[in-house]
Amino acid sequence: MSWIEDPGLTTYGGFNISELEIDQAWVNVSTTIADTALWLYEVSTNCHRCPFQRREEIKLGQLNKYIVSSKFPTKYRIRSKGNDGYIPDDYDDRGRICDIQYNFEEFGVYSLNIGGDVKEPNCSITVELEPVNIYYPLLLAFLFYFVLGSIIFIISSNHARLKSLFGSSKSSSKSSKSSSLGSTVETNVGSATTDPVISPPIITNGLNRRQGSFAGSITTLNQNGNGHYMSHPYGIPPLSPPVTEVSISTISSTPTSTVGIQQSSQLVTGSCKEAEKIESHSPSIISSNPVISGPYNVLHNNTAIPQQPQCHIQQQPLQAQTSLQQQPQQQTRQQRTRLRSLDTFRGICIVIMIFVNDGGAGYYFFDHATWDGLYVADLVFPWFLWIMGVCIPVSVKSQVKRGTSRLQICRKIFIRSLKLIGIGIILGSLWGPVNVQTMRIPGVLQRFGVCYFICSALVLLCMTVNFTKPETSKLRAALQDVEIIWISWLFILALVLVHSILTFFLPVPGCPTGYLGAGGLADGNVYSGICIGGAAGYIDRRTFQIEHVYQNPTAKTVYKSDAYDPEGTLGTLTSIVQVWLGVQTGVTMLVYPRASSRLKRWGVWAVTTGICGAILCGFRQTGGWIPLNKNLWSLSFVLVTNSFALILLSALYFIIDIKKWWSGAPFFEPGMNSILLYVAHQVAHAMLPWHYVFGPMRTHFAKLVECLWGTTLWVLISVYLYQKKIFWTL
């Protein structure tokens, strides 16, 4: 067993193993049938409805060695006639001797034996040299990152503990220093102690700053100088989440000694009526500052001591009160929690994109499907569009709530769309110089810009911002998230109708109406490449050419033709539908604040769109009424990828935002800088230190190391940028 795909030898029985590249094997075809000329035909199962292609003549007593592809299974046909270059699979072939299909494996040596006689032939394949296992490198990579992640987790956890333990001495020195300066501290609390694991001894203006948010817990000092959590004015234990949040920036001018709840010369005790009077005149202070509070319990030696109910009003410097009164909106914005699952989802997409753009280690399932089908690389683009749609209604509503006029919002939407289109065109010229007369205008970011503008405009014009959940009608309550954008749904359904009419009823010269195939060798080599994509190819036909390559390492047949643009007109229509399904997901988040309601509705949408898409494609990779096809951006492709996106987001939302079992790292940080990573990766695609070639690079292991190295570097760069608070947004 070799973990790095090393075959362990260079030659075997006259076969040169060193000549084999990635996903290749040797096969020797021999026959014992005398006095009959035999011909070998072959076809890859990955070539949908492709004909058998003539390979070589097979002679008795002669070795016929061939290099074959091991990426997909291969079908062989032995014929007694060799006058035809191509034979359709469903053709009534009178010259057929036998058919056999086999899934060869990398670096193996095989024998295809043709025995018996013409009337009763016997075809079989035997293994002469055992192949290598191409999946061991994936397991090795998984174990490596699992161990690395475990080590990082252990170190970070112990680092926090050691920091807390060793910080106690620093806290004591700070306490003695503050006592010498005459700070006002609690004199009758006693010797309260704090669990160093729960309460980090970092005191900043009396507040504990936690990662990702400003907690509302208040840290006070006792005689021993130990940090003490008052996570709630009524004595809720430190493990309970804070009820209120106080921003450090809003009271940064407040001295430490005047922030904590303590008995000092500044503590004013009055009647409850007086307290209510003050509260009524200072609502922003009361609602956001736990210093002004009612009865509470103080922890004494980690034990809650009940206090008599009193109305305490803590005097604060006038400057701090004025700051709090003048910045209620700033506090509200700071108290909002960002859904880490959304950024993690986006980070997963950008990391997968970088990995597959780097080659995906040569594994076919990390690549794009040749025509019909759905592999890992086919999920990235639609998921990016979808998650962009999720954020659109949240962004529009927040801007409207802040008082931004709809005209200003529309202007921002238009400018951002132009930026996306402009960056996409610039990235398309990386391998220039570009002839401006024939330059390619459509592209990935260009489609992002168009879809973003249309969907954002629909949300801005049609979505109701000030909505409430109806209480009188359960049906309206269940359909509230659809009801507030129902006018936009009419436009989206009209796009689907237009796309379907053009796809299935637009006459295409030299091609059957409603054709969705790839042309060329596909569909029995009938159309010779002139019908690529049917209506999509006809509408978006361009002067540049693409290759439809029949997978044959030694006798490659290439068809060239004017071809459709993969980011062309028809695909843009269904891409808008893709983004709008993401918009619907975002509207659901706004209408239903409860996590259970969101998950239920996302589950319903996932099941509904998944089943509809599966019905359209016939529950299979190829074929059906509307096949799964990323190149054509078919309707079934939109529905199925939307279902997968909802399932992934629901899982991330449950794990990260609800249960908080995972922070989202290391995908959260790339998600915060996705556009920067996308552009930088495109620009530095062939540059050190991300990419290199060392030796023949003819194994999945070698390519996997190179791909993971580059992908990991981009992840580390994103983590560094996140720590430095450097973000690029359009």
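Just so you know, glycine gets a Cβ as well, placed from its N, Cα and C.
Feature annotations, courtesy of TrEMBL:
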type	residues	note
COMPBIAS	167-183	compositional bias 'Low complexity'
COMPBIAS	184-193	compositional bias 'Polar residues'
COMPBIAS	316-334	compositional bias 'Low complexity'
DOMAIN	338-472	domain 'Heparan-alpha-glucosaminide N-acetyltransferase catalytic'
REGION	167-193	region 'Disordered'
REGION	316-335	region 'Disordered'
TRANSMEM	134-155	transmembrane segment
TRANSMEM	345-366	transmembrane segment
TRANSMEM	372-392	transmembrane segment
TRANSMEM	413-432	transmembrane segment
TRANSMEM	444-463	transmembrane segment
TRANSMEM	484-506	transmembrane segment
TRANSMEM	604-626	transmembrane segment
TRANSMEM	632-655	transmembrane segment
TRANSMEM	700-722	transmembrane segment
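Contact between the transmembrane segment (700-722) and the transmembrane segment (372-392) is not supported: fewer than 3 Cβ pairs lie under 8 Å, counting only residues 6 or more apart in sequence. Panel annotation: around the transmembrane segment (484-506), residues 393, 458-459, 462-464, 467, 513-514, 516, 534-536, 538-539, 570, 573-574, 576-577, 580, 583-584, 587, 591, 635 of the same chain, lying at least six beyond its termini, place a Cβ under 8 Å from a Cβ of the stretch. The largest share of C-beta pairs under 8 angstroms with the transmembrane segment (372-392) comes from 632-655, of the ranges 134-155, 413-432, 444-463, 604-626, 632-655. Tertiary neighbourhood of the transmembrane segment (632-655): same-chain residues 339, 341-342, 344-345, 348, 374, 378-379, 382-383, 386-387, 390, 496, 499-500, 516, 533, 536, 570-572, 574-575, 577-578, 581-582, 585, 595, 598-599, 602-603, 605-607, 609-610, 612-614, 616-617, 624, 626, 661-662, 664, selected by CB-CB distance under 8 Å and a gap of 6+ residues from either end. With DSSP classes pooled into helix, strand and coil, the tally for the domain 'Heparan-alpha-glucosaminide N-acetyltransferase catalytic' (338-472) is 90 helix, 1 strand, 44 coil.
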